[in-house]
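Notes to accompany the following structure.
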Amino acid sequence: KSLFFSGLTAMEKKLAEYKCNTNEAIQLKLVRFPEDLEDDNTTFNPEYSHQVFGDDEVAFGYKGLKILLYYIAGNLSTLFRIDYTSKVNEKFDCVEADDVESKIREIIPPGFCTNTDDFVSLLEKEVNFKPFGMLLHTYSVHNEEAGEDITYQIYKADMTCPGFREYHERLQTFLMWFIETASFIDVDDERWNYFLVFEKYNKDGATLFATVGYMTVYNYYVYPDKTRPRVSQMLILPPFQGEGHGAQLLETVHRYYMSSPTVLDITAEDPSENYVKLRDFVLVKLCQDLLCFSPVKLMQGFSQEMVTEAQQKLKINKQHTRRVYEILRLRATNMGDAEQSRSYRLDVKRRLIGPYKKKQRELAKMRRCLRPEEMTNQLNQIDLNLQREQLEESFQQLVSDYRRVLERLAQA
(Lines of atoms letter the chains of each structure in order from A and count residues from 1; the text may use other names and numbers.)
(Lines give C-alpha, C1' and ligand atoms only; values in the text may rest on other atoms or scores of the structure.)
Protein backbone atom coordinates (compact mmCIF):
# COMPACT_ATOMS: atom_id res chain seq x y z
CA LYS A 1 0.00 0.00 0.00
CA SER A 2 2.69 2.46 1.00
CA LEU A 3 4.58 1.60 -2.17
CA PHE A 4 1.55 2.46 -4.24
CA PHE A 5 1.16 5.82 -2.51
CA SER A 6 4.79 6.78 -2.83
CA GLY A 7 4.55 5.84 -6.51
CA LEU A 8 1.54 8.08 -6.89
CA THR A 9 3.18 11.06 -5.26
CA ALA A 10 6.26 10.65 -7.43
CA MET A 11 3.98 10.65 -10.46
CA GLU A 12 2.05 13.63 -9.11
CA LYS A 13 5.28 15.48 -8.43
CA LYS A 14 6.45 14.79 -11.93
CA LEU A 15 3.18 15.99 -13.46
CA ALA A 16 3.11 19.09 -11.23
CA GLU A 17 6.30 20.21 -12.94
CA TYR A 18 4.30 20.35 -16.16
CA LYS A 19 1.87 22.98 -14.95
CA CYS A 20 2.35 26.56 -16.12
CA ASN A 21 0.62 29.74 -14.99
CA THR A 22 -0.87 31.10 -18.21
CA ASN A 23 -0.69 34.75 -17.07
CA GLU A 24 3.10 34.31 -16.92
CA ALA A 25 3.37 32.10 -20.00
CA ILE A 26 1.59 34.55 -22.30
CA GLN A 27 4.03 37.23 -23.45
CA LEU A 28 2.60 40.23 -25.26
CA LYS A 29 4.48 42.88 -27.21
CA LEU A 30 3.69 45.95 -29.28
CA VAL A 31 6.54 46.09 -31.77
CA ARG A 32 7.86 49.24 -33.48
CA PHE A 33 11.45 48.28 -34.29
CA PRO A 34 13.00 44.86 -35.05
CA GLU A 35 15.14 45.13 -31.89
CA ASP A 36 11.94 45.22 -29.75
CA LEU A 37 11.63 41.48 -30.44
CA GLU A 38 14.69 40.72 -28.32
CA ASP A 39 14.08 43.39 -25.70
CA ASP A 40 12.45 42.05 -22.51
CA ASN A 41 11.47 45.58 -21.48
CA THR A 42 8.86 45.69 -24.24
CA THR A 43 7.14 42.51 -23.00
CA PHE A 44 4.00 42.63 -20.87
CA ASN A 45 1.71 39.94 -19.48
CA PRO A 46 -2.05 39.52 -19.16
CA GLU A 47 -3.89 40.36 -15.98
CA TYR A 48 -6.40 37.61 -16.72
CA SER A 49 -6.43 34.45 -18.78
CA HIS A 50 -9.35 32.60 -17.16
CA GLN A 51 -11.66 33.16 -20.11
CA VAL A 52 -9.31 31.18 -22.32
CA PHE A 53 -7.60 28.78 -19.87
CA GLY A 54 -10.19 28.25 -17.13
CA ASP A 55 -10.44 29.61 -13.58
CA ASP A 56 -7.09 28.15 -12.46
CA GLU A 57 -5.29 30.02 -15.26
CA VAL A 58 -3.09 26.99 -15.80
CA ALA A 59 -1.90 25.12 -18.88
CA PHE A 60 -0.91 21.52 -18.32
CA GLY A 61 1.65 19.43 -20.17
CA TYR A 62 4.58 21.75 -20.73
CA LYS A 63 7.76 22.86 -19.02
CA GLY A 64 8.99 26.39 -19.69
CA LEU A 65 5.90 27.24 -21.73
CA LYS A 66 5.96 30.54 -23.58
CA ILE A 67 2.97 31.71 -25.59
CA LEU A 68 4.21 34.56 -27.74
CA LEU A 69 1.65 37.04 -29.02
CA TYR A 70 3.49 39.91 -30.65
CA TYR A 71 1.66 42.73 -32.40
CA ILE A 72 2.97 45.36 -34.79
CA ALA A 73 2.37 48.61 -32.88
CA GLY A 74 0.04 50.25 -35.40
CA ASN A 75 -2.05 47.87 -37.45
CA LEU A 76 -1.63 45.03 -34.94
CA SER A 77 -0.54 42.33 -37.41
CA THR A 78 0.17 39.37 -35.20
CA LEU A 79 2.94 36.88 -34.58
CA PHE A 80 1.75 33.81 -32.65
CA ARG A 81 4.19 31.13 -31.57
CA ILE A 82 4.47 28.58 -28.77
CA ASP A 83 7.82 27.65 -27.22
CA TYR A 84 8.57 25.16 -24.44
CA THR A 85 11.53 23.20 -23.12
CA SER A 86 9.65 19.92 -22.82
CA LYS A 87 6.20 18.43 -23.20
CA VAL A 88 4.51 15.35 -21.67
CA ASN A 89 4.30 12.43 -23.99
CA GLU A 90 1.22 10.23 -24.20
CA LYS A 91 3.32 7.11 -24.84
CA PHE A 92 5.44 7.46 -21.71
CA ASP A 93 3.36 9.60 -19.34
CA CYS A 94 -0.10 8.30 -20.30
CA VAL A 95 -1.44 11.86 -20.15
CA GLU A 96 -2.18 14.40 -22.81
CA ALA A 97 -0.94 17.99 -22.88
CA ASP A 98 -3.52 20.79 -23.19
CA ASP A 99 -4.07 21.96 -26.73
CA VAL A 100 -2.86 25.49 -26.05
CA GLU A 101 -2.68 26.45 -29.70
CA SER A 102 -6.33 25.84 -30.50
CA LYS A 103 -7.40 27.77 -27.39
CA ILE A 104 -5.49 30.84 -28.59
CA ARG A 105 -6.66 30.36 -32.20
CA GLU A 106 -10.24 30.64 -30.95
CA ILE A 107 -9.73 34.26 -29.96
CA ILE A 108 -7.18 35.60 -32.46
CA PRO A 109 -8.28 36.11 -36.07
CA PRO A 110 -6.69 33.98 -38.79
CA GLY A 111 -3.90 35.35 -40.97
CA PHE A 112 -1.26 35.69 -38.23
CA CYS A 113 2.45 35.01 -38.75
CA THR A 114 4.05 31.96 -37.18
CA ASN A 115 7.67 32.92 -37.74
CA THR A 116 9.74 35.99 -36.96
CA ASP A 117 11.00 36.61 -40.51
CA ASP A 118 7.50 37.05 -41.92
CA PHE A 119 6.65 39.31 -39.01
CA VAL A 120 9.72 41.53 -39.54
CA SER A 121 8.96 41.90 -43.23
CA LEU A 122 5.43 43.05 -42.32
CA LEU A 123 7.02 45.53 -39.91
CA GLU A 124 8.68 47.25 -42.88
CA LYS A 125 5.26 47.96 -44.42
CA GLU A 126 4.00 49.57 -41.22
CA VAL A 127 4.94 53.02 -42.58
CA ASN A 128 1.79 52.79 -44.74
CA PHE A 129 -0.53 52.37 -41.76
CA LYS A 130 -2.79 55.35 -41.03
CA PRO A 131 -5.45 55.71 -38.30
CA PHE A 132 -9.05 54.97 -39.23
CA GLY A 133 -11.93 57.41 -39.37
CA MET A 134 -12.25 61.02 -38.33
CA LEU A 135 -9.76 62.93 -36.16
CA LEU A 136 -11.51 64.33 -33.06
CA HIS A 137 -8.71 65.49 -30.77
CA THR A 138 -4.94 65.96 -30.62
CA TYR A 139 -3.00 66.33 -27.36
CA SER A 140 0.53 65.90 -26.13
CA VAL A 141 2.09 64.38 -23.03
CA HIS A 142 5.57 65.19 -21.77
CA ASN A 143 7.62 62.01 -21.63
CA GLU A 144 10.40 62.07 -19.03
CA GLU A 145 12.33 59.18 -20.55
CA ALA A 146 12.38 60.62 -24.05
CA GLY A 147 12.77 64.14 -22.69
CA GLU A 148 10.19 65.48 -25.15
CA ASP A 149 6.49 65.95 -25.76
CA ILE A 150 4.77 63.04 -27.48
CA THR A 151 1.71 63.67 -29.63
CA TYR A 152 -1.45 61.56 -29.41
CA GLN A 153 -4.60 61.61 -31.50
CA ILE A 154 -8.13 60.34 -30.95
CA TYR A 155 -10.23 59.15 -33.91
CA LYS A 156 -13.81 58.03 -34.33
CA ALA A 157 -14.12 55.05 -36.66
CA ASP A 158 -16.81 52.74 -37.98
CA MET A 159 -17.05 49.54 -39.98
CA THR A 160 -17.26 51.42 -43.29
CA CYS A 161 -13.58 52.47 -42.94
CA PRO A 162 -11.53 50.20 -45.23
CA GLY A 163 -9.56 47.63 -43.19
CA PHE A 164 -11.13 48.65 -39.88
CA ARG A 165 -13.16 45.47 -39.41
CA GLU A 166 -10.03 43.28 -39.60
CA TYR A 167 -8.04 45.69 -37.42
CA HIS A 168 -10.79 45.67 -34.78
CA GLU A 169 -10.74 41.87 -34.69
CA ARG A 170 -7.06 41.98 -33.77
CA LEU A 171 -7.53 44.84 -31.31
CA GLN A 172 -10.37 43.20 -29.36
CA THR A 173 -8.24 40.15 -28.49
CA PHE A 174 -6.57 42.36 -25.84
CA LEU A 175 -9.89 42.58 -23.97
CA MET A 176 -9.60 38.91 -23.00
CA TRP A 177 -6.33 39.56 -21.18
CA PHE A 178 -7.23 42.84 -19.44
CA ILE A 179 -10.97 42.97 -18.75
CA GLU A 180 -12.24 40.38 -16.32
CA THR A 181 -15.64 39.77 -17.92
CA ALA A 182 -14.85 40.73 -21.51
CA SER A 183 -16.85 39.57 -24.47
CA PHE A 184 -16.60 40.30 -28.19
CA ILE A 185 -19.28 42.55 -29.67
CA ASP A 186 -21.51 42.12 -32.72
CA VAL A 187 -19.78 44.42 -35.19
CA ASP A 188 -22.61 44.10 -37.73
CA ASP A 189 -24.85 46.15 -35.45
CA GLU A 190 -24.50 49.67 -36.83
CA ARG A 191 -25.27 51.32 -33.50
CA TRP A 192 -21.70 50.80 -32.28
CA ASN A 193 -19.26 53.71 -32.28
CA TYR A 194 -15.52 53.14 -31.97
CA PHE A 195 -13.07 55.67 -30.55
CA LEU A 196 -9.35 55.00 -30.97
CA VAL A 197 -6.22 56.54 -29.44
CA PHE A 198 -2.93 56.59 -31.40
CA GLU A 199 0.56 57.82 -30.64
CA LYS A 200 2.59 59.51 -33.36
CA TYR A 201 6.22 58.37 -33.46
CA ASN A 202 9.20 58.72 -35.79
CA LYS A 203 11.03 55.94 -37.55
CA ASP A 204 13.78 56.64 -40.08
CA GLY A 205 12.43 60.15 -40.66
CA ALA A 206 8.83 59.03 -41.28
CA THR A 207 5.82 59.58 -39.00
CA LEU A 208 4.11 56.38 -37.87
CA PHE A 209 1.13 55.64 -35.65
CA ALA A 210 0.96 53.22 -32.72
CA THR A 211 -2.24 51.92 -31.14
CA VAL A 212 -2.68 53.13 -27.54
CA GLY A 213 -6.23 52.12 -26.65
CA TYR A 214 -9.87 52.36 -27.55
CA MET A 215 -13.48 52.58 -26.42
CA THR A 216 -16.68 51.09 -27.81
CA VAL A 217 -19.98 52.88 -27.27
CA TYR A 218 -23.45 51.54 -28.07
CA ASN A 219 -26.22 53.97 -29.03
CA TYR A 220 -29.44 52.94 -27.32
CA TYR A 221 -32.68 54.29 -28.70
CA VAL A 222 -34.79 56.40 -26.34
CA TYR A 223 -38.40 57.13 -27.26
CA PRO A 224 -39.35 59.13 -29.29
CA ASP A 225 -36.29 60.59 -31.04
CA LYS A 226 -33.22 60.44 -28.78
CA THR A 227 -30.30 58.12 -28.14
CA ARG A 228 -28.45 57.23 -24.97
CA PRO A 229 -24.83 56.23 -25.74
CA ARG A 230 -23.59 53.56 -23.34
CA VAL A 231 -19.88 52.96 -22.87
CA SER A 232 -19.31 49.24 -23.26
CA GLN A 233 -15.58 48.55 -23.28
CA MET A 234 -12.61 50.74 -22.64
CA LEU A 235 -8.99 49.70 -22.66
CA ILE A 236 -5.74 51.60 -22.57
CA LEU A 237 -2.99 49.09 -23.41
CA PRO A 238 -0.62 48.41 -20.47
CA PRO A 239 2.49 50.15 -21.87
CA PHE A 240 0.45 53.39 -21.93
CA GLN A 241 -1.46 53.10 -18.66
CA GLY A 242 -1.10 55.79 -16.01
CA GLU A 243 -0.33 58.55 -18.50
CA GLY A 244 -3.79 60.14 -18.56
CA HIS A 245 -5.00 58.67 -21.88
CA GLY A 246 -8.18 57.25 -20.34
CA ALA A 247 -9.24 60.71 -19.17
CA GLN A 248 -8.43 62.25 -22.57
CA LEU A 249 -10.45 59.54 -24.31
CA LEU A 250 -13.50 59.80 -22.05
CA GLU A 251 -13.53 63.59 -22.21
CA THR A 252 -13.22 63.52 -26.00
CA VAL A 253 -16.12 61.07 -26.26
CA HIS A 254 -18.27 63.29 -24.02
CA ARG A 255 -17.39 66.33 -26.13
CA TYR A 256 -18.24 64.40 -29.30
CA TYR A 257 -21.75 63.56 -28.04
CA MET A 258 -22.25 67.01 -26.46
CA SER A 259 -22.54 68.53 -29.90
CA SER A 260 -25.38 66.19 -30.84
CA PRO A 261 -28.92 67.45 -30.11
CA THR A 262 -30.38 63.93 -30.25
CA VAL A 263 -28.18 62.54 -27.46
CA LEU A 264 -29.91 62.47 -24.07
CA ASP A 265 -27.02 61.49 -21.80
CA ILE A 266 -24.14 59.01 -21.56
CA THR A 267 -24.11 55.93 -19.35
CA ALA A 268 -21.82 52.93 -18.88
CA GLU A 269 -22.39 49.21 -18.84
CA ASP A 270 -21.27 47.47 -15.65
CA PRO A 271 -18.40 49.92 -14.92
CA SER A 272 -15.31 48.77 -13.03
CA GLU A 273 -14.05 50.62 -9.96
CA ASN A 274 -11.22 52.14 -11.97
CA TYR A 275 -13.62 53.35 -14.62
CA VAL A 276 -15.83 55.03 -11.99
CA LYS A 277 -12.79 56.88 -10.58
CA LEU A 278 -11.80 57.97 -14.07
CA ARG A 279 -15.34 59.10 -14.86
CA ASP A 280 -15.60 61.05 -11.57
CA PHE A 281 -12.45 62.95 -12.51
CA VAL A 282 -13.53 63.72 -16.09
CA LEU A 283 -17.09 64.74 -15.20
CA VAL A 284 -16.01 66.96 -12.30
CA LYS A 285 -13.47 68.61 -14.61
CA LEU A 286 -16.23 69.27 -17.16
CA CYS A 287 -18.78 70.48 -14.57
CA GLN A 288 -16.72 72.60 -12.19
CA ASP A 289 -17.26 75.81 -14.16
CA LEU A 290 -21.04 75.48 -14.57
CA LEU A 291 -22.91 78.22 -12.68
CA CYS A 292 -25.17 75.70 -10.94
CA PHE A 293 -22.08 74.27 -9.19
CA SER A 294 -20.94 77.56 -7.65
CA PRO A 295 -19.92 77.19 -3.95
CA VAL A 296 -23.04 79.08 -2.80
CA LYS A 297 -25.34 76.75 -4.73
CA LEU A 298 -23.42 73.64 -3.64
CA MET A 299 -24.06 74.58 -0.01
CA GLN A 300 -27.81 74.80 -0.71
CA GLY A 301 -27.91 71.11 -1.65
CA PHE A 302 -28.42 68.97 -4.75
CA SER A 303 -30.90 70.59 -7.12
CA GLN A 304 -32.93 69.95 -10.25
CA GLU A 305 -31.04 72.85 -11.84
CA MET A 306 -27.80 70.82 -11.56
CA VAL A 307 -29.45 67.78 -13.13
CA THR A 308 -30.87 69.79 -16.04
CA GLU A 309 -27.77 71.84 -16.76
CA ALA A 310 -25.37 68.88 -16.61
CA GLN A 311 -27.63 66.83 -18.87
CA GLN A 312 -28.35 69.55 -21.43
CA LYS A 313 -24.86 71.01 -21.69
CA LEU A 314 -22.62 68.02 -20.98
CA LYS A 315 -24.82 64.92 -21.55
CA ILE A 316 -24.26 63.72 -17.97
CA ASN A 317 -27.00 61.61 -16.41
CA LYS A 318 -28.67 62.31 -13.06
CA GLN A 319 -26.87 59.61 -11.06
CA HIS A 320 -23.43 60.80 -12.19
CA THR A 321 -24.37 64.45 -11.65
CA ARG A 322 -25.17 63.59 -8.04
CA ARG A 323 -21.62 62.24 -7.55
CA VAL A 324 -20.16 65.34 -9.21
CA TYR A 325 -22.18 67.48 -6.80
CA GLU A 326 -20.89 65.52 -3.79
CA ILE A 327 -17.27 65.83 -4.93
CA LEU A 328 -17.52 69.57 -5.65
CA ARG A 329 -19.39 70.16 -2.41
CA LEU A 330 -16.61 68.35 -0.53
CA ARG A 331 -14.14 70.76 -2.12
CA ALA A 332 -16.25 73.74 -1.03
CA THR A 333 -16.77 72.39 2.51
CA ASN A 334 -14.50 73.12 5.43
CA MET A 335 -14.47 69.66 7.01
CA GLY A 336 -12.76 71.15 10.08
CA ASP A 337 -15.92 73.14 10.79
CA ALA A 338 -18.28 70.97 12.85
CA GLU A 339 -21.47 72.41 11.37
CA GLN A 340 -20.33 72.26 7.71
CA SER A 341 -18.91 68.79 8.13
CA ARG A 342 -22.10 67.47 9.81
CA SER A 343 -24.25 68.96 7.07
CA TYR A 344 -22.10 67.30 4.36
CA ARG A 345 -22.10 63.94 6.12
CA LEU A 346 -25.91 63.95 6.48
CA ASP A 347 -26.39 64.95 2.87
CA VAL A 348 -24.28 62.10 1.52
CA LYS A 349 -25.59 59.53 3.98
CA ARG A 350 -29.16 60.38 3.04
CA ARG A 351 -28.35 59.22 -0.49
CA LEU A 352 -26.43 56.16 0.72
CA ILE A 353 -29.26 55.04 2.95
CA GLY A 354 -31.68 54.77 0.01
CA PRO A 355 -30.96 51.09 -0.77
CA TYR A 356 -31.05 50.24 2.97
CA LYS A 357 -34.47 51.85 3.33
CA LYS A 358 -35.75 49.84 0.38
CA LYS A 359 -34.47 46.66 2.02
CA GLN A 360 -36.12 47.76 5.26
CA ARG A 361 -39.49 48.11 3.50
CA GLU A 362 -39.10 44.65 1.98
CA LEU A 363 -38.28 43.21 5.41
CA ALA A 364 -41.32 44.92 6.89
CA LYS A 365 -43.50 43.27 4.23
CA MET A 366 -42.01 39.88 5.09
CA ARG A 367 -42.54 40.48 8.78
CA ARG A 368 -46.23 41.13 8.30
CA CYS A 369 -46.48 37.60 6.95
CA LEU A 370 -44.76 36.08 9.97
CA ARG A 371 -46.15 35.61 13.52
CA PRO A 372 -44.97 38.30 15.94
CA GLU A 373 -43.12 35.85 18.20
CA GLU A 374 -40.98 34.76 15.25
CA MET A 375 -39.67 38.26 14.83
CA THR A 376 -38.15 39.79 17.89
CA ASN A 377 -37.32 43.41 18.45
CA GLN A 378 -33.74 42.37 19.08
CA LEU A 379 -33.31 41.42 15.44
CA ASN A 380 -34.28 44.92 14.33
CA GLN A 381 -31.80 46.42 16.76
CA ILE A 382 -28.88 44.31 15.50
CA ASP A 383 -29.87 45.19 11.97
CA LEU A 384 -29.84 48.93 12.69
CA ASN A 385 -26.45 48.92 14.41
CA LEU A 386 -24.90 46.93 11.58
CA GLN A 387 -26.51 49.30 9.13
CA ARG A 388 -25.02 52.33 10.88
CA GLU A 389 -21.56 50.77 10.78
CA GLN A 390 -21.85 49.87 7.12
CA LEU A 391 -23.16 53.32 6.32
CA GLU A 392 -20.26 55.01 8.10
CA GLU A 393 -17.81 52.71 6.31
CA SER A 394 -19.34 53.50 2.91
CA PHE A 395 -19.21 57.19 3.70
CA GLN A 396 -15.53 57.13 4.73
CA GLN A 397 -14.59 55.11 1.62
CA LEU A 398 -16.46 57.55 -0.60
CA VAL A 399 -14.81 60.60 0.93
CA SER A 400 -11.35 59.12 0.43
CA ASP A 401 -12.21 58.34 -3.24
CA TYR A 402 -13.53 61.88 -3.67
CA ARG A 403 -10.36 63.37 -2.16
CA ARG A 404 -8.25 61.47 -4.70
CA VAL A 405 -10.35 62.91 -7.52
CA LEU A 406 -9.86 66.41 -6.10
CA GLU A 407 -6.09 65.88 -5.77
CA ARG A 408 -5.88 64.79 -9.40
CA LEU A 409 -7.99 67.79 -10.40
CA ALA A 410 -5.68 70.15 -8.55
CA GLN A 411 -2.73 68.77 -10.54
CA ALA A 412 -4.52 68.85 -13.90
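Glycine too: its Cβ is placed from the backbone N, Cα and C atoms.
Residues annotated as active site, proton donor/acceptor in TrEMBL: Glu269.
Here TrEMBL flags 18-180 as domain 'Histone acetyl transferase HAT1 N-terminal'.
The feature domain 'Histone acetyltransferase type B catalytic subunit C-terminal' is assigned by TrEMBL to 279-330.
Annotated site 'Interaction with histone H4 N-terminus' per TrEMBL: Trp192, in sequence order. Proximity of Trp192 (site 'Interaction with histone H4 N-terminus') to non-local residues of its own chain (separation of 6 or more, Cβ distance below 8 Å) is seen for Asp158, Met159, Ile185, Thr216, Val217, Tyr218, Asn219, Ser232, given in sequence order.
Long-range neighbours of Glu269 (active site, proton donor/acceptor) (same chain, six or more residues apart, CB within less than 8 Å of its CB): Tyr218, Arg230, Val231, Ser232. Mapped onto DSSP classes, the domain 'Histone acetyltransferase type B catalytic subunit C-terminal' (279-330) shows 41 helix, 1 strand, 10 coil.
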